[in-house]
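Data block below; observations after.
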């Protein structure tokens, strides 16, 4: 029994989980003016017709539901059934039954209900039903004031057995509607629709509810008659009211019809032309079968005497709403017609109805919200980095190849904030945000962590510890050189003798080994000579008894005496006088080396004479003179090494730290430069061209080449749509195929294949006795249309760069294209060729804001498009909707006593879904600084994927006598500095530069300290005051950065901040991509000493307490030296 209860509980939980659905309501992250409401809907699986009539919506949200929806609403229920007498079955063998039914919470909104709910902070929750004769599919709609997003994140709605989790999702739009990944703001002015070239057009989903209200201003049938051009009588006595609509799930109420609002005009047109709207098919119901019984008329309400509504009876999956309102009565006769399609065709005046709820796409004019750039910050967090991205107008797309970017976003005020974690900081962090490539230099994060660690260890003196830490934590050799320099200065008087002693011990150890080895080799040589001499004069030195080879004569005599007597000649132990016994004894005897040692004592001196070992023993490593000499020498060497290593290694070889000045080129021959330049890079070349005959005559040359601009003349193809393909079989037993109008006939894209008068007993359902009388209609149509992107076809593409040349006082500029040249009297600059991935005829597809880049299609259909091709469903801007062709073949599948079913062997997957499945096979491109119209797109490539082949030739024929004098005078002043020295991010120096004596002057301004320049900016100066910002990387704590032009610098400099733990800002790649070459000399020995002196002066002028602490440590080391190594006292003789 308990097992059964447990099983029931588990099954009940599983059933409950299946009945929980999501309703996601998208809303902008700012509340705009007006009575803006947001809406959403959710469709559910079918219920029985009896259960559907008992539904009541419930809500657990903290906003009250509007009370009027809890009232009971009465409708006329119309159902159809077969006639009782089936003896002579024909096309009229069925009948309708009218009755009154009551619903609670049905979407029968009252006048001013939505407006009142906005003012009272209440929600409107209702439902609609799509039914056949046996079951219904409910759809729940919810309208809430936009303030709900500030009051709740989610809530729960109940409808019968179903539960709806309402989730409010903030988009990155400020106030607009999210469509195609862009934020669209509709414009209601009619003039914007007339001047479409000035505005964008977007397809927006709209939900409309009919409001019944009597009054002269609400004669909706009169408006329909006027729009359709039909001549209907007695329109004053027909239904009165209006539609209230929410556009894109986020808008103020739109009232239709309204002649002064273009949005209302488009909505009203959509309701008239496609009154059924979008179908209610659930996933898996794309392929379905209808059996049409025929047309019939009914009485609305059931108490009237004459029939006033035409309907079409069917059996099959319900796809469209079963609620409507009778058009012929001004009293508001609401209809519930399960299993019947009401006649919604407004081209006829009688026996028709209006939809109670309408949902569909409409084309609206308006504009897209601007895309704002991103700010990305990172801080070190554990083994990785914690980063945040901000954007004023929201973030539409953020990705990173090395970070974990969550899609759960949160907002802060008017900006959108996204936090994410990067697991590795051993390489720079790259983030793509709102179409911009940001690089966070993690070197600075590591510097900050190092500073924090050292400061924490010496927390008693935090100021001093921080000043020392910022010197020690510079990455690379420079940091180690700094550590060595500080240690030598503070503890050198103790470490020098200690290290010297350790070195002497090691050297003496090796000297002793070498001395012993030399003695042993010398002794072996003596033995060898003695043995050879003995063998020459007296014979063998082998004992005759034991056969042992002796080394000396004394040893041989001992063998001759002892071996005969059976004794060991070495230890005098008794043993048998046989060779085997004595040889075995020798192996264990401990005195076999006795005669060898005696001889060694005789021939080897016992004391070690003067040599390396004795010299090492006599070395006076404790001498104060030696320690002072080494201390001073080490400080000088380490200072030079420290200064030489103070330059930062750049990310890419775009800037190389060098000394002041500009390089010179003697013009013996023409000066030619030939190189390849990435599309994202700028190029600056500056030299002094000198007269080969007279070095005193020179002309300044400055060439600046801007980054590549890409301009494409395009044809705006329109919006590309994703869609769902439906295959519906409609069978009716009697009549021609043209007898009935099916709901899919009002879809934008549909195709029908008819099999007329082909039914027989082998292809009929049991209730159809006719033979050769009916029709099987196979309908293909597209629904759930959703715009996904914008397509442009390239007519021509142009790659260009702006080139400026300053030759002496001559200043010229020109924008040149591929295979074009800029020719002056002395210079010729050409773009010989461009390596590109764009070509004429390509199609550019933007799946979102154009700032985010796009995809290149080499094959995009424009004329004959099949469903499933790229570009299959298109909505051109100023042309009718373009539908694809369906090239597959239809087949009618028949079985005995079974309703025929249509089969289609063509493709059923949309082109957009196919592209998404294989998107990695297409070429993509990123864009920056994009500007676009319907006819032209201009942008820059931030990734440097394209390259230009550039050739520069400077003629040697220069009139140096007339061009050597340059009248332009430049004045410099350092105004402000931001950033940090020595860090990966660098600093930005703001310079005030004045120009006199000439109107314009192209030159470069550098950011330098006393010795080295760390960055430059090529700029065209105008007469008067100019502001120039220079970005540089490197320097040290003593660097005073000045604005320099050539060898002249501003009188005062500014010091940058130290690297610290503040957030590291991302660098835009376009701002950082520049190649600068002015031929300035590299830093030499004099430059190194300048850097060292500037550093020392910086410490003295800055935190002088550091110097005092270092001197105290030096004094401590001297005292420690006197204790450990006291001065030797010499006694007077």
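Even glycines carry a Cβ here, placed using N, Cα and C.
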Exercise for review: Using the annotation in Swiss-Prot, determine whether residue 398 and residue 1126 are placed on a common side of the membrane.
Suggested key: no
Check your understanding: Which residue from 132, 560 is recorded in Swiss-Prot as N-linked glycosylation site?
Key -> 132
Point to revise | Which listed span Swiss-Prot calls zinc finger, if the choices are 458-479, 480-501, 502-523, 568-589 | key: 568-589
Check your understanding: When Swiss-Prot marks a stretch as transmembrane segment, which of 627-647, 648-668, 669-689 is it?
Key -> 627-647
Practice item. From the ranges 609-623, 699-713, 714-728, grab the one Swiss-Prot calls region 'Binding to the ribonucleoprotein'. Key: 609-623
Revision key, fill the gap. Counting every protein chain shown, other Cβ atoms within 10 Å of the Cβ of residue 374 (disulfide bond) number 23
Review point. When you measure from the Cβ of residue 131 (disulfide bond), how many other Cβ atoms are you left with inside 10 Å?
Key: 26
Practice item. Pull out the disulfide-bonded residues from the set 136, 374, 378, 775, 1049 whose C-alpha sits within 10 Å of the C-alpha of residue 1043 (disulfide bond). Key: 1049
Exercise for review: Find the shortest Cα-Cα separation between residue 374 (disulfide bond) and the disulfide-bonded residues 208, 865, 991, 1044, and name the residue that gives it.
Suggested key: 991
Review point. In DSSP terms, helix, strand or coil for residue 1044 (disulfide bond)?
Key: strand
Revision key, fill the gap. Near residue 991 (disulfide bond) (Cα-Cα within 10 Å), the disulfide-bonded residues in question, chosen from 136, 378, 749, 1044, are 1044
Check your understanding: Which of the three DSSP states, helix, strand or coil, fits residue 397 (N-linked glycosylation site)?
Key -> coil
Review point. Given residue 433 (disulfide bond) and residue 397 (N-linked glycosylation site), what distance in Å do their CA atoms have, once rounded to a whole number?
Key: 6
Practice item. Give the three-state DSSP assignment (helix, strand or coil) for residue 737 (disulfide bond). Key: helix
Exercise for review: Using the structure shown, find which entry in 433, 733, 813, 883, 902 (the disulfide-bonded residues) has the sparsest Cβ neighbourhood within 10 Å.
Suggested key: 813
Point to revise | Which same-chain residues, if any, lie at least 6 apart from residue 861 (disulfide bond) yet have Cβ under 8 Å of it | key: 869, 870, 871, 872
Review point. Which whole-number value in Å describes the distance between the Cα atoms of residue 804 (disulfide bond) and residue 1044 (disulfide bond)?
Key: 21
